[in-house]
Amino acid sequence: MSSTIQSPILISAAHPHHRHGWWWKTFLVGVALWGITIGVTAMTLNSNLIPTLILLGSFLVPFCVVLFVMERTMDTISTMQILLAFFVGGMCGVLGASLLEVSLQPTVFTYVGVGFIEEFVKGVILVIIGWKVMLKTAGQGALLGATVGAGFAAFESAGYALNAAITSQGLDLVSLLQTEVLRALLTPVGHVLWTAILGAALFGAARGQRRYRVSFGLVGAFVGVALLHALWDSMSGITAVVALLFTGTTVRDLTFGFIPPGSAQEAQSLASVLYVLGVIIAAALGVVMLWLILRFHRRADRRREAALSPMDAEARVLDPAREGDDASEAVAHE
């Protein structure tokens, strides 16, 4: 009797929805519908259309991420798992993070606490949803993680959009649209990217097997993602302080809340530029982190496959009947 260890690449097949371009087609149609909804709402002043505007603007980009993932996952991840990761994972993630963040006190480290809490909650959801994935690889983990992050971002963006729309003077359509556009632009390099990093590290540590494994790389990825999240959330405050310092405000002035006359407007303009640069840097750091994790695990997978090849050849010599079994399996698979 021979024992055979098969590579994930050999037994995984493309998902039924593989590479049809539905994500960008849906995005174009969704943008058109969103624009039409804006026009109809502005012309009719019908407040009943506000929920439609909020849901369409908040879920369009995250749902396109889901379609992107569906076209790239292998058959080890089902469509139902992807949908659960998006809807159930996103909703539970927002609720869980909200409950845990209630206990946070407003201090300098508040953003750090938020980063660790939200990434921990999304990580737990990712572990649960990905538990039954037979063979875990870094690439598939990144895709499933991106789906969880997209769900989290969708529900969170809907909340931000609702808060922006409701003011003491009534409904503010302009503020709502500004919030939706900003959140839509930042979603792919925000929660989607962060949870993709965590998913790549989590599934990559499993080394192509079914069970999860804890490694220093996984812990390091979690800490790195949480700190990156904290940096992202605190970016507006950091850039505001830096802008004030660059425009002549001293640390002593900031301590007592004094801003020299004439420097406020200049500092505000500089802070906007610094914020954009900061977001670009934070996004670039996340992309580089994901790329390094994927490259590391892909190289490790290739080394394991190379090590298994001689063993597989030896097994065929010791058990010639296996060759016929493999041929039968291949025909059945086709």
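Cβ coordinates are placed from backbone N, Cα and C, and glycine is handled just like the others.
As the structure is a computational prediction, the values presented were derived from the model and not from experiment.
According to TrEMBL, the protein carries these features:
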TRANSMEM  21-43  transmembrane segment
TRANSMEM  49-70  transmembrane segment
TRANSMEM  82-102  transmembrane segment
TRANSMEM  108-129  transmembrane segment
TRANSMEM  141-162  transmembrane segment
TRANSMEM  182-205  transmembrane segment
TRANSMEM  212-232  transmembrane segment
TRANSMEM  273-294  transmembrane segment
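Using a Cβ-Cβ cut-off under 8 Å and counting only residues 6 or more beyond its ends in the same chain, the transmembrane segment (141-162) has close neighbours at 54-55, 57-59, 61-63, 65-66, 69, 72-73, 77, 81-82, 85-91, 93-94, 97, 118, 122, 125-126, 129-130, 133, 176, 179-180, 183-184, 187, 190-204, 290, 293-294.
Counting Cβ pairs closer than 8 Å and at least 6 residues apart in sequence, the transmembrane segment (108-129) and the transmembrane segment (212-232) reach three or more and so form a contact.
Put simply, of 21-43, 49-70, 82-102, 212-232, the stretch with the most CB pairs closer than 8 A to the transmembrane segment (182-205) is 212-232.
Tertiary proximity for the transmembrane segment (82-102) is limited to same-chain residues at least six positions away from its ends with a CB under 8 Å from its CB atoms, namely 62-63, 66, 69-70, 73, 113-114, 117-118, 121-122, 124-126, 129, 144, 147-148, 150-156, 159.
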